[in-house]
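These come from TrEMBL:
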- Gly116, Ala117, Asp254, His319, Ser320: pyridoxal 5'-phosphate binding site (BINDING)
- Tyr149, Lys283, Gly318, Arg413: substrate binding site (BINDING)
- Lys283: N6-(pyridoxal phosphate)lysine (MOD_RES)
Amino acid sequence: MLSHHEQLIEKSKKYLWLPFTQMKDYEKDPLIIESGEGVKLKDTEGKLYYDGFSSVWLNVHGHRKKELDEAIRVQLEKIAHSTLLGMTNVPATELAERLVNLTPPGLDRVFYSDSGATSVEIALKMAFQYWRNIGETKKQKFVTMNNGYHGDTVGAVSVGDIDVFHKVYKPLMFNSYKTPYPYTYRHPSNQAEVCRDECLNELETLLKERHEEIAALIVEPMMQGAGGMIKMPKGFLSGVSKLCKAYDVLLITDEVATGFGRTGELFACNHEGVVPDIMTAGKGLTGGYLPIAITMTSERIYEAFYDDYTKLKAFFHGHSYTGNQLGCAVALANLDLFESEKIVENVQQKSKVIQETLTKFHELNHVGDIRQIGFMTGIELVKNKQTKEPFQWEERMGYQVSLKMRELGMLTRPLGDVIVFMPPLASTTEELQEMMSIMYEAIYTTTERDRS
Ligand SMILES: *Cc1c(COP(=O)(O)O)cnc(C)c1O
């Protein structure tokens, strides 16, 4: 007789197809989460793991947070879902006001959707149609950063640039202009300012030449996430923003990963006082509870769509679950907790703890670069620290290290050979320290001890 756990494993292998997963890997090392509490997850065998990646960059206050659970229960007593097409609901309306007040001034309108990718699709279509609606029909192209990531729907993939994920879909994509992203560690100068200025110059050349056909530029502010946790040099984001303004190109900042406190500011744009024309966010918005995402924009863009119906300027876009009440209710409770539990301050203070502890990691023989902003960290492993030569990709060193971490009691997913550390924003110093010891141990054993 199979135990309940074993039955579930069998079913998962037989019926499921998991995202971003080679199912052959899953079959070798299956895992089913049964419950969660605070910053820990429990599997169907009762083994506990630190949620070292916030369940893929979402979780803020830990799991089963009393106030968030309660907000959903209270909303459930009223209604679970009704549509936002042509009407609205109570929490979606309240949340919109809160968001307009919290986001950089000038972002005055909220358009809801249900995932980061859809919030990006909306941003792209909104920017494209904005120029049409005001009669600038030549502005149709997008600029995106090398190595950028904006989600997995076809539009979002078209402004993405991660070869492993995106190359195969090339024939499906619309063309966008790529501009270099400042990856200091891999820049010949290894100097942030030199790398930054070179990238800004290249962008300026492109915009000077092509701005008449460019609708918008999209960028992940301060830290490129899925591309490998690559942190921008100071002054790059504000430089990009200035160039966009100078050449009349809309700036879309994709805050899906960086938004809601992750980088130590409520939004990553705040680090450099940048106000985009369009901003997307998702992930942390509901504290990691439910799928709500937002695309916010200025009154100027909104007004270009506002007219008599027969002018056909309306934004013909929406999703079945747009503005879902349960999601908006939990987002409101999440924002309350940001205030009452001083989450952004917590990230600012504790990120210093992370930074200090991580300096020790430099003594490891295969840690090439450590990039951190707030609670968003990437550790790039290399075969040779001096030459920065990477490991053979077939070795899957990042993946091996993550499997080791799992054995030692922490879950996270690497990005190639970049180890990701993105704990829930409410993690305590003690929890952070324990998670980082697991990380240290896993990197050491996998890259050094067991290989020599
Ligand atoms: C995760 C992510 C997305 C996609 O969000 P989903 O909710 O997974 O569709 C888009 N942009 C960035 C920067 C992200 O990190």
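Every residue, even glycine, has its Cβ placed from backbone N, Cα and C.
Structure with TrEMBL features highlighted.
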residue : record                              : DSSP class
Gly116  : pyridoxal 5'-phosphate binding site : helix
Tyr149  : substrate binding site              : coil
Asp254  : pyridoxal 5'-phosphate binding site : strand
Lys283  : substrate binding site              : helix
Gly318  : substrate binding site              : coil
Arg413  : substrate binding site              : coil
(request) Taking ligand 1 as the reference, state which of the binding-site residues Gly318, His319, Ser320, Arg413 have a Cβ closer than 6 Å to one of its atoms. (result) none
(message) Just to verify a number: CA distance, Gly318 (substrate binding site) to Asp254 (pyridoxal 5'-phosphate binding site), in angstrom, no decimals.
(response) 19
(message) Counting Cβ atoms within 10 Å of each candidate's own Cβ, which of the binding-site residues Gly116, Asp254, His319 comes out highest?
(response) Asp254
(request) Given the binding-site residues Tyr149, Lys283, Arg413, state which is nearest to Gly116 (pyridoxal 5'-phosphate binding site) when distance is taken between Cα atoms. (result) Lys283
(message) Quick check for you: of the binding-site residues Asp254, His319, Ser320, which have their Cα within 10 Å of the Cα of Tyr149 (substrate binding site)?
(response) Asp254
(message) Around the C-beta of Ala117 (pyridoxal 5'-phosphate binding site), how many further C-beta atoms are within 10 angstroms, looking at every protein chain?
(response) 22
(request) Starting from the Cβ of Ser320 (pyridoxal 5'-phosphate binding site), draw a 10 Å sphere and report how many other Cβ atoms land inside it. (result) 10
(message) Please identify, from the binding-site residues Lys283, Arg413, the residue with the sparsest Cβ neighbourhood, meaning fewest other Cβ atoms within 10 angstroms.
(response) Arg413
(message) Let me make sure I understand the structure: which of the binding-site residues listed (Tyr149, Gly318) has the fewest other Cβ atoms within 10 A of its Cβ?
(response) Gly318
(request) Over all pairs in Gly116, Ala117, Asp254, His319, Ser320, the listed pyridoxal 5'-phosphate binding residues, work out the largest Cα-Cα distance in Å. (result) 23
(request) Looking only at C-alpha atoms, tell me how far Asp254 (pyridoxal 5'-phosphate binding site) is from Arg413 (substrate binding site), rounded to the nearest Å. (result) 21
